[in-house]
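Per TrEMBL, the feature transmembrane segment maps to 35-58, 238-258, 265-283, 318-338, 368-389, 454-485, 505-529, 607-628, 648-669.
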Amino acid sequence: MGKKKENDTSNPYGEPAKYDPSFNGPIHNRSCTDIICCILFMAFILGYIVVGILAWLYGDPRQVVYPRNSTGVYCGFGANTGKPYAFYFDILKCISATNIMAAALNGFQCPTTQVCVASCPSSFGIVNVAALATANVQSTFNQTYCNPSINLTTTSLSAKDILAKELCPFYYVPSTPVLNRCLPSFGELNSIPSNFSLNGLSTNNTGNLIKNATSNLVSGMNLQDISMKIFADFALSWYWILIGLLIAMIVSLLFLILLRFTAKILIWLLIIGVLGVIAYGIWHCYWEYNNYNTQNLSINQLGFTTDFSAYLHVKETWLAFLIILAVLEGILLLLLIFLRNRIRIAIALIGEASKAISYIMSSLVYPLVTFVLLIICVAYWVITALYLATSGSPLYRIVALNTSDPGCYNISGNDTCDPTNFNTSSSSCQSVRCIFYKYNNEGLFQRNLFNLQIYNIIGFLWCMNFVIALGQCTIAGAFASYYWAFHKPADMPYFPVTASFMRALRYHVGSLAFGALILTIIQLIRVILEYLDHKLKGAANPCTRFLLCCLKCCFWCLEKFIKFLNRNAYIMIAIYGKNFCVSAKNAFSLLMRNILRVFVLDKVTDLLLFFGKLLVVGGVGVLAFFFFSGRIQLPNNVFQAGNLNYYWVPIITVIVGSYMISLGFFSVYSMCVDTLFLCFLEDLERNDGSAEKPYFMSKSLMKILNKKNKQPKEKK
């Protein structure tokens, strides 16, 4: 008993794994794990589907995408077929609303008459007030922009009555369709005709009035103009963008394959390069220090200043930089000396990972499966959120457009109406209108829209984390089958990725959902903290701000730790088929028993993958820059960069696409390294190289550790 207690004290992270003669890789005879969480996850998914169905039944995204006229009928549909744009009689009343983006979900309805038109105005037009009493209505107004209820050729109303009832607009300006709404073209307002005047203002002041009122929409209109040019650039260069992304894929693949042969040289070059950069920094700091030392400039003479660049002109600053870099260089050199053997192990594992990928090339395709599943999750979340936001039928209120009219004093603005049968002639207020103000929030479904949106967010996070967990477990199982194959590749299964994927789906949905749920809860807390920080930004006192900052930092660190723990737990699940908690405990204990090896491998792998991403993204990005900027010309003018509106559009597309491609390839590589590392640690604890317990590791790893497998004795 005393000996056992002593062993427990000397091994706070558990005993090493024991030899199991029946173990030779991922266990096939396994059972379902974390069944309760599996049932909970399935029930949640069913509920998520029900929420989506309800949102689809009650919601109507057309309320956001398509505009309505004043009677609530969609433009471009039914009686308004061929008239997809909404034209506002007095656009100033719309744009002066508090927040145009907040009105987006309300269909951009505003307190002025709006009609559906086939095209937005392309010129200026205004009614001559001086000749209004004797004006001919057909020559005064444009039937195209008038309310369909009035026919200018047969109406008996005077021009004054038409304006009072807002049956035709008083003015219109050149407009651009933005989200199918006719909004003033900002550039056209610089050339306003001399007879165009609003509210008795001069031409210049009228232009400034419209400009000021539309200033909050300038970005939106410019965005639409830019978007059309960007679309044209994509149409012109999409073929070459695909070629650039293909080059990025080939470079990423070649980099991973070449690591099998060049990992050792490349990593040592990167390590020496880091030491060299720091050494240059030390020399540069000494040179700057010596330069300012001869000028007798000191920090005492400078004193305190908010111009921090001034501190770069005193010797003490460069002396501090020199000391910091020298200490960092010394620490790195000491780590390099004392951890050189562990660095060699990390290099060997990285090379072994490249070899494993060359045997399981299908693993490089699996990130596409993860990507497609993530796209489905994002699309379902966005569509559900949009349908929920537009749930409920539109409600309308009776509103007086001209509140100074004595006949409109009795209109409170709270009475509801139906725009399809609303009759303005029965009211003493000529400017009375039936105006949309919100969507119906009555009823059980509508009253719980906020709760359903929260459910939607939780479902989105949980599904995203589950898809990532499924991918990690699948890749881990495939590479574990490689490591534990004694004769590679003869002892490997024929379809390791497919077999691992089916095992994960058949037995471990509950465990993967459990790990994903833990991460989802932490991410949800972080979202809540960010929301509180945003809301309390102006009102919170310094103590509250400090507390929120500490909480955000703590939960950020916690999320990183849980991701690390989950990743290694999924590897253990893929190998041994245990539940999540046991797998997480075993993985954590195994890593803590080899903490120095974990640290070295993690940093060496990060350095290598960073260099790989830099090589792929930087190399392809530079090539794209020279090509799309016209510095590289193809024979026969196959592609002319001068035809592009913005040559940076395809360049940024290629860079972002290259990064996503390299991230997909290198995520497989990183998971492969982590899986082989855990298997390597298990191999060291389980086996001793004897004929009964041979090592499964490669000969290069055994050579670094001065170990070898003993050959079984031959029978005489």
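Glycine is treated like the rest: Cβ placed from N, Cα and C.
Not measured: the values here are computed from a predicted model.
Only residues 6 or more beyond the boundaries of the transmembrane segment (35-58), in the same chain, are considered here, and those with a CB under 8 A from a CB of the stretch are 380, 383-384, 387-388, 391-392, 445-446, 452, 455-456, 459, 462-463, 466, 509-511, 513-514, 517, 580. Between the transmembrane segment (607-628) and the transmembrane segment (505-529), fewer than three CB pairs separated by 6 or more residues in sequence fall under 8 Å, so the two stretches do not touch.
Nonlocal intrachain contacts for the transmembrane segment (454-485), taken as residues 6+ away from its ends with a CB within less than 8 angstroms of a stretch CB, comprise 23-26, 41, 44-45, 47-48, 51, 353, 356, 359-360, 363, 366-367, 369-370, 373-374, 377-378, 380-381, 384-385, 388, 491-493, 496-497, 499-501, 503-505, 508, 512-513, 515-517, 519-520, 523-524, 527, 566-567, 570-571, 573-575, 668, 671-672, 674-676, 679-680, 683, 696-697. Counted as Cβ pairs under 8 Å, contacts with the transmembrane segment (648-669) are highest for 238-258 among 238-258, 265-283, 368-389, 505-529.
Counting only same-chain residues 6+ beyond the ends of the transmembrane segment (505-529), those with a CB under 8 A from a CB of the stretch are 30-42, 457-458, 461-462, 465-466, 468-470, 473, 548, 551-552, 555-556, 558-559, 562-563, 566, 569-570, 573-574, 577, 579-581, 583-584. Against the transmembrane segment (318-338), stretch 265-283 shows more Cβ pairs under 8 Å than any other of 238-258, 265-283, 368-389.
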